[in-house]
Protein chains: 2
Amino acid sequence: MTDPRAQTVGDLGERALLARIFAALSGSSRALVGPGDDAAVLAAPDGRVVVSTDTLVHGPDFRLAWSNGLDLGWKAAAVNLADIAAMGARPTALVVALALPDETQAAFVDDLARGLRAACDALAPGCAVEGGDLTASDTLTIAITVLGVLDGADPVLRSGARAGDTVAVAGTLGAAARGLALLFDRFRSADGTPIPVDEAALTAAERNDLRAQLRPAPPIAQGPAAAGGGATAMMDVSDGLLLDARRMAEASEVRIDLDPALDEHALRGGEDHALLACFPPGIALPAGFRPIGRVLARAADAPDRDGFVTVGGAPVTGRGGWDPHRDWDAVRG
Amino acid sequence: MTDPRAQTVGDLGERALLARIFAALSGSSRALVGPGDDAAVLAAPDGRVVVSTDTLVHGPDFRLAWSNGLDLGWKAAAVNLADIAAMGARPTALVVALALPDETQAAFVDDLARGLRAACDALAPGCAVEGGDLTASDTLTIAITVLGVLDGADPVLRSGARAGDTVAVAGTLGAAARGLALLFDRFRSADGTPIPVDEAALTAAERNDLRAQLRPAPPIAQGPAAAGGGATAMMDVSDGLLLDARRMAEASEVRIDLDPALDEHALRGGEDHALLACFPPGIALPAGFRPIGRVLARAADAPDRDGFVTVGGAPVTGRGGWDPHRDWDAVRG
């Protein structure tokens, strides 16, 4: 008889696999109609729903040698929850599309479901997996769509920053990038292949960085808190502070000047999923936010594609952040 | 200088590719906050939102030799819209996660966006792409989440069928499976590799079948019409009538007896995305629905895993429908 822990997705088939996933999620649904029908039905009490989607793909976004199912489920949930928080909204539901190679271990899928649930419970209590889809694929892919509600507040866009605002951040900056550097520098074989992490070989600070990379904990509750605290603009820092601050400045037609004390990992490292927000002058920052710069008027004669972000008043040089299509080859390395 | 039609996703990078996709979708958004921020904000006027997700993966779900970008965008939208219609709801928004190999032609992505838009315009006017995500992957994957609204109606579940109901269907049964059989039988090389379709070699009936496979047109408006017309249960027929009717019968704890005049393609063929619905006896079927069977009480002594679906009163034998993890190898063929 086969060891049940060794069963693969191909052995089980869709129906049995779905039953296992439902078991891992059992009791978590808050939907009007939960998983199992053609679609879920969710409450949207103030007549609006916030929605975003983000995908993790084996290769560019994770390696199975470095991330287990619990890590991946957690991270896939966390990065999506952050997009809802960044609108000033409260996440209420995930729908999860899994594309799985036949040889995927069924136990891995159990862990993935448990990781999704654990991240929701820890970061966004009340949010649960309310629907999904299973497909066969050669490439393990986790595509999540997250929904949320605004509880009567206005959404906070990235286009609302005004000259004079304080630029602030909640959450870590640079830790996820340091964690990724650790994996690349210390946990690959001579030919570049990822090898399992030996946590005992890490310092406490390094373990924190690794955790920020593998199980990020973005400050989800700070999103609605920022909206309630008067934030004029907000977004999550997923591709690096320089690149994301530039997007905010461009959308708001302002210049953002960042604190020169920020180091290179904080400025250029991706995947932190911190919340970057602007607040009017003279307003106390909500708990969890710290100032990292200010919003200035953009010079009328600034070059079209430049001058949106400065650091200590000086222009930024070099690469801004992460682009999956441009940067993936380096990551394969 | 490179021919712009020959540019790849890897050449362009994420920013330029997104700009092209937005251009193809320009003017279609009906959202309170449309694409471009961390999340979209949609109206949910009656305080509820309906949500479902469905993924197309290169290999098990489509072949690029057989489907162009327009076909794929259309089909990815259509199969998702059908899940919302099957709840008795009206689709309002798609969010689209694309995982693309670097070598994907940018023109293919333009076509995909146009196909998504064309299907929404034709099948569910008022529904548009309101958000998305781009990722690099070795496997071309289109993961769509669709949202909809109930306009004050109760959702129609698959669990509401009652003994005495008429079983009815709107849309085609079997055509998509005949279209798939055409592709496998006539448009593969000697070693089984898919080759481009020669439409001139097909009869008019065959072209219809091919279209049902490549650009299905599920009867989206019939979903809310069925809800308004008193449907007790509804679902979309995606994995074959026998398998999906069984799911409905199981959820409703009834037996569904199907018309013996239904042929094998109609009974077992997947991907039609017709709407299967039950209506109380004596009610006129809404326009677009035709009767294909009736709901009976399930015998108290019926075996646990059997007896949910009969055809002309007789038990069903053989395979029920499509399971991607069990059946993919056959499709690789």
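Glycine is no exception: its Cβ is also placed from the backbone N, Cα and C atoms.
Keep in mind that this is a model prediction, so the values were computed, not measured.
If you look up TrEMBL, you'll see B:D38, B:D83, B:D236 marked as Mg(2+) 3 binding site. Annotation comment: TrEMBL describes B:D38, B:S52, B:D83 as Mg(2+) 4 binding site. What TrEMBL records for B:D61, B:E271, B:W322 is substrate binding site. Under the heading ATP binding site, TrEMBL lists B:G132, B:D133, B:R158, B:S238. What TrEMBL lists as Mg(2+) 5 binding site is B:D239. For B:36-149, the entry in TrEMBL reads domain 'PurM-like N-terminal'. For B:163-280, the entry in TrEMBL reads domain 'PurM-like C-terminal'.
For the binding-site residues B:D83, B:D133, the ranking by surrounding Cβ atoms (within 10 Å, all protein chains) places B:D83 first. B:S52 (Mg(2+) 4 binding site) sits 7 Å from B:D83 (Mg(2+) 3 binding site), taking the CA atoms of both as reference points. A coil conformation is recorded for B:E271 (substrate binding site) in the three-state DSSP classification, outside any helix or strand. Proximity to chain A, defined as a CB-CB distance below 8 A, holds for B:D38, B:D61, B:D83, B:G132, B:R158 out of the binding-site residues B:D38, B:D61, B:D83, B:G132, B:R158, B:E271. Of all Cβ atoms in the protein chains displayed, 29 besides its own lie within 10 Å of the Cβ of B:D236 (Mg(2+) 3 binding site). The most densely surrounded of the binding-site residues B:S52, B:D61, B:D239 is B:S52 (count of other Cβ atoms within 10 A of its Cβ). According to DSSP, the secondary structure content of the domain 'PurM-like N-terminal' (B:36-149) in residues is 35 helix, 47 strand, 32 coil. Counting residues per DSSP class in helix, strand and coil order gives 50 helix, 23 strand, 45 coil for the domain 'PurM-like C-terminal' (B:163-280). Using B:E271 (substrate binding site) as the reference Cα, a 10 A cut-off selects B:S238 from the binding-site residues B:D38, B:D83, B:G132, B:D133, B:R158, B:S238. Recorded residues B:R158 (ATP binding site) and B:D38 (Mg(2+) 3 binding site) have their alpha carbons 34 Å apart, per Cα-Cα distance. Cα to Cα, B:D133 (ATP binding site) and B:D38 (Mg(2+) 3 binding site) are separated by 10 Å.
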